[in-house]
Amino acid sequence: AEAAAAGGGWRCGRCGDGAALRWCISGTLCASFLGLGMSIAVLGPTFPTLAANVGKNVSDIYYIFVGRSLGSLGGSVLGGVLFDCMDATLLLAFSMLGTAAGLYVIPWCNQSLLLTILMSVIGGSMGILDTGGNVLALYTWGSEAGPHLQALHFSFAAGAFLAPMVAQMDLGSSESEGLAGAEKINQSVLKSVPTASAVSTTPAPNDHHNESFLWSYIFIGTYILLVSIFFFVLFSKSSSARDKSKASAQKDKLAKYHWPLVGLLFVFFLFYVGAEVTYGSYVYTHALVFAEMKESEAATLNSVFWGAFALCRGAAIFGAAFLSPATMIVMSLLCSAASSTALAFFSHFRAALWAGSAVYGASMATIFPSGIAWIEQYTVVEGKTASLFVVGAALGEMCIPVAVGYLQGRYHHVPVVMYTAFVTSLVTVLLFPAMYKLANWPQQRDSQEVSDRETRKTLLSNSRLTEDEEEEEQHVREWNDADFEVVEMNDELKNSLMDTSCRIPGDSPAEVSLQPHLDNALSDPPVVADGSPGRQNGSIDWEKSE
């Protein structure tokens, strides 16, 4: 396989082995993001059981989410630094190992502090995977990375969709047994101590739930462990091309406005991901309070949002092969602006709420992977750069939902969720043209300068050609004038000599002596510059003849 510089990293060669290796890398990355989605989403359905294991109420262990978010931020930054220092596949293999180890230990954890630490470790490993996975896809496929980035994030959505099913896998038999045991305990306890019923019923179902969810965590951890083994295999296969890739990567140069462009995309992802998570988290509550839906209807509305989100990400895998990243971003932003406007001002109509949620979910699906593929066209996306994107997304996921929850708690009669969707859509619609202008402005200016230089060169060459032509024409005119003067002088000399010879009668010696001079004068015109030498010679010969 041959190495070539593409997007600041290495690409496998065009031969059969290189193409197969690239597809193996892409497939393993998709498998890892499937596990990433399951690892993140499995916490939701298992949250009550984890709280019971550590002896806390659900509302008392909210800090495990904060620990996981902080771990994800730290992992993103650390992964960005390490990604530029070591092999990408090796780093991702170790991060998957860390995630698998944390998932294996969590079901047996019975202390809240240890559970928070484990969540932070898992969050850090996930942050490394999120950063490294996107960059490795760019390094592997270069300008062809669009569909593969869409496939990565579709795999994440698919994993989040499968996680509740995995968590419910073993609940059928255990729940029936647990409920039967709990009912017997309730009947015996309620007769004696009614207030202790909640405490008495806790152990029996808890044991069964713990066993069930233990297998759920074990299943996901085992899957991630297998994916990490594939990464180790890829490391052994791709190590031979690593040195060439580093050498080729040094040839790439950052854009002139690299960091301002990265900063704008950082803010762009902060608002985009924050809006996505906020709407997905609060649309259920909004439907209950403002639209007065039933719980089943509100749950279905929430599923419509995430279902449209996942379906559009799947369709974007094929769309990215035909559409440029900028085109996909513009289409998504326009749909997002239209749907958020309808949700902000017409959500009291149920039809607008249903249609707006579906379109809004679909419009949010492709922005993140398309944004990474778009900026790779203008500058080098290194590990540190990708980590900033992930940090921006994590900050938006942390800050904007918290702010919306606080404002909704203070202003009960205002649909803060819908207004937030409208404002964030407006911000992203304004940010992208600024980023596009900044990314293309240096190239436009450079091309204008090149055009000006070429114009100046053309004008100078034309002016030199004109001067040369004028000088040549002047030279020709001078030579023509000189030729006319010589011809006129020769005619005068001939006429004067002929007149002189006509005045001499017969065959005198003077005729003989004049004839050679006349022939010389007529046969060699350049010798006679003007008429004076000829006339002097003629007069001298005439005097001698006399």
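The backbone N, Cα and C atoms fix where each Cβ goes, glycine too.
Looking at the stretches 61-83, 176-198, the one that TrEMBL records under the feature transmembrane segment is 61-83. Below 8 angstroms of C-beta separation, residues 69, 72-73, 76-77, 79-81, 83, 127, 130-132, 134-135, 262, 265-275, 277-278, 281-282, 368, 371-372, 416-417, 420, 424 of the same chain, each at least six residues beyond the ends of the transmembrane segment (386-404), sit close to that stretch. For the transmembrane segment (257-284), the list of distant contacts is 298-299, 301-302, 305-306, 309, 357, 360, 364, 367-368, 371, 375, 378-380, 385, 388-389, 391-397, 399-401, 404-405, 408, 417, 420-421, 424-425, 427-428, 431-432, 434-435, 438-439, 441-442: same-chain residues at least six beyond its ends, Cβ to Cβ under 8 Å. Spatially, the transmembrane segment (113-139) is not adjacent to the transmembrane segment (214-236); fewer than three Cβ-Cβ distances between them are under 8 Å for residues at least 6 apart in sequence. Remark: the transmembrane segment (20-41) makes no contact with the transmembrane segment (328-346), by the rule of 3 or more CB pairs under 8 A.
By the count of Cβ pairs under 8 Å, the stretch nearest in packing to the transmembrane segment (151-169) among 90-107, 214-236, 328-346, 352-374 is 214-236.
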